[in-house]
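As given in TrEMBL:
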type     : residues : note
COILED   : 445-472  : coiled coil
DOMAIN   : 44-449   : domain 'Major facilitator superfamily (MFS) profile'
TRANSMEM : 42-62    : transmembrane segment
TRANSMEM : 82-102   : transmembrane segment
TRANSMEM : 109-127  : transmembrane segment
TRANSMEM : 133-156  : transmembrane segment
TRANSMEM : 168-189  : transmembrane segment
TRANSMEM : 209-229  : transmembrane segment
TRANSMEM : 266-284  : transmembrane segment
TRANSMEM : 304-324  : transmembrane segment
TRANSMEM : 336-352  : transmembrane segment
TRANSMEM : 358-378  : transmembrane segment
TRANSMEM : 398-418  : transmembrane segment
TRANSMEM : 424-444  : transmembrane segment
Amino acid sequence: MKDDQDIKETGPDLSKDVKIQADIPNGECGSATPTRLYKRRWVIVLLFSTYSLSNAYQWIQYGIISNIIMKFYNVDGFAVDWLSMMYMLAYIPFIFPVTWLLEKLGLRFTALVANALNCAGTWIKVASARPDLFWVTLLGQSASAVAQVFILGIPSSLASVWFGAEEVSTACSIGVFGNQLGVAIGFLLPPILVPNVDDVNDLAYHIRIMFYISACLATFIFILVVIVFQERPEIPPTQSQVQARISRSNDYSYMASIRRLLCNKAFMLLVISYGLNVGCFYAISTLLNRMIIEHYPGEEVNAGRIGLTIVFAGMAGSLICGLWLDKTKTYKQTTLVVYILSLVGMLVYTFILNLGHLWAVFITAGFLGFFMTGYLPLGFEFAVELTFPESEGISSGLLNCSAQIFGIVFTIGQGKLFDKWGTLAGNVFLCSFLLIGTIMTGFIKSDLRRQKANQQAEVQTVREMAADVQENILKERKL
């Protein structure tokens with residue numbers, strides 16, 4: 001109970017405003033376990049979304065004004081691409097240590113480390129607003145990239161720990177929503193804050209202002225996290241969380257969990273197909289400025305707006321898909337349909353881009369974003385279903401690791417194809433991998449283990465209620 005008391009001390013007591021559900025039988029005594037939904041869960045997920053936003057904004061803030069950054073720091077386009085790919089590269093070696101820390105030290109610890117690194121990265125960048133300090137801005141971006149490792153796989157874990165069975169997919173979507181909103185702001189603000197001027201001193205001033213804004217915001221969010229963010233609710237929200245807490249006791253083996261996940265064929269198919277889809281999104285986002293400027297010279301601001309359109313449409317797609325999953329529980333069917341429509345959107349975008357109609361690019365980019373970005377929470381939630389009762393942090397971490405690997409490969413490959421044969425060849429390259437991912441998704445066996453656990457709890461509760469009623473009837477007859 002000491003842990004529960006520590007949890008209470010981090011914020012006001014909202015235990016009076018709860019929903020009480022009947023839950024699974026305790027493994028020892030067989031009695032039903034009560035579960036509660038705290039109102040504070042919405043504060044936790046929104047705070048997570050906010051610091052995810054701050055970190056995601058920094059990922060794309062260089063790439064969307066790559067031509068300006070190249071001129072200011074006197075570097076080539078590939079060097080600027082690495083400022084975005086740094087996020088992908090950092091994830092690969094750090095994901096397993098970070099998921100281990102998540103399992104051992106919990107959500108609050110990872111939130112504190114993420115915000116400390118994110119805040120440090122933003123202030124290092126403030127000091128890099130000089131043409132001869134590209135290495136300093138690379139250092140600051142590296143700190144923010146490592147912070148992302150503590151953020152990207154958290155939505156499904158946080159949703160499972162804090163939210164009920166009928167809202168867990170929606171909560172996961174809200175967690176992903178913050179990351180997408182950060183990317184959207186990263187597309188929108190840098191072209192506005194940093195105009196393409198020739199005077200180096202003016203350019204340094206505008207870049208410094210951009211860095212100061214993100215640093216002040218990151219510092220404010222860090223303070224909020226220290227004060228408000230909690231580890232977990234005192235009482236689990238669902239029967240599946242009761243089971244998870246029991247299975248992840250002191251004898252829980254992190255490496256054994258990894259091995260079980262790697263031997264789960266359905267999950268590994270999802271890992272690869274998820275990586276292909278999200279890796280394509282990373283490549284498109286990183287190279288969007290180059291794509292648009294090639295066909296529409298001088299349209300840096302509209303390149304940012306097209307990116308904004310992609311992400312805003314994806315945010316709507318994420319929320320709608322999350323609500324749909326909570327209502328229907330059709331994980332595989334929804335994932336497959338969204339994947340197919342992502343492929344269709346990419347094909348249309350590929351052949352519309354060079355027609356010279358910017359308005360058509362906006363429309364097709366929105367269609368592409370709705371499904372490709374909307375796919376993100378679907379992958380997280382489908383993975384949790386396929387791997388329950390394994391840690392949500394580990395399954396999400398493996399998904400994201402796959403996405404980062406494919407993101408680096410696709411960004412470099414598409415960039416080289418752009419340079420040699422143009423945007424059409426680069427985009428067809430991505431379409432071919434989306435087709436492979438669609439086929440792989442069709443072969444995933446839909447084994448919804450978390451849903452089965454919740455259904456077993458309901459059956460147990462009904463049986464216990466029936467037994468109580470029967471016992472009462474017998475007592476009345478005896479009287």
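Our numbering is plain: 1 for the first residue shown, then up by one each step along the chain.
In case you wondered, yes, glycine gets a Cβ from its N, Cα and C as well.
Cβ atoms under 8 Å from those of the transmembrane segment (398-418) belong to residues 77-78, 81, 84-85, 87-89, 91-92, 95, 152-153, 261, 267, 270-272, 274-276, 278-280, 282-283, 286-287, 290-291, 294, 379-380, 383, 425-427, 429-430, 433 of the same chain, restricted to positions at least 6 beyond its ends. The transmembrane segment (358-378) makes contact with the transmembrane segment (336-352), as judged by at least three Cβ pairs under 8 Å among residues 6 or more apart in sequence. The average pLDDT computed for the coiled coil (445-472) is 63. Sequence-distant residue pairs (6 or more apart) of the transmembrane segment (304-324) and the transmembrane segment (133-156) include fewer than 3 whose Cβ atoms are under 8 Å, leaving the two stretches without contact.
Remote same-chain partners of the transmembrane segment (168-189), defined as residues 6 or more beyond its termini with a Cβ less than 8 Å from a stretch Cβ, comprise 41, 45-46, 48-61, 64, 151-152, 154-156, 158-160, 162, 210, 213, 238, 285, 288, 304-308, 310-312, 314-315, 318-319, 321-323, 325-326, 373, 376-377, 380-381. Residues 266, 269-270, 272-273, 276-277, 279-280, 283-284, 287, 291, 332, 335-336, 339-340, 342-343, 346-347, 349-351, 353-354, 382, 386, 406, 410, 413-415, 417-418 of the same chain lie 6 or more positions beyond the ends of the transmembrane segment (424-444) yet place their CB under 8 Å from a CB of it. Taking Cβ pairs closer than 8 Å, the transmembrane segment (133-156) reaches residues 48, 51-52, 55-56, 58-59, 62, 73, 75, 79, 82-83, 86-87, 89-91, 94-95, 98-99, 102, 107, 110-111, 113-118, 120-125, 127, 171-176, 179, 377, 380-381, 383-384, 392-393, 395-397, 399-400 in its own chain, all 6 or more past its ends.
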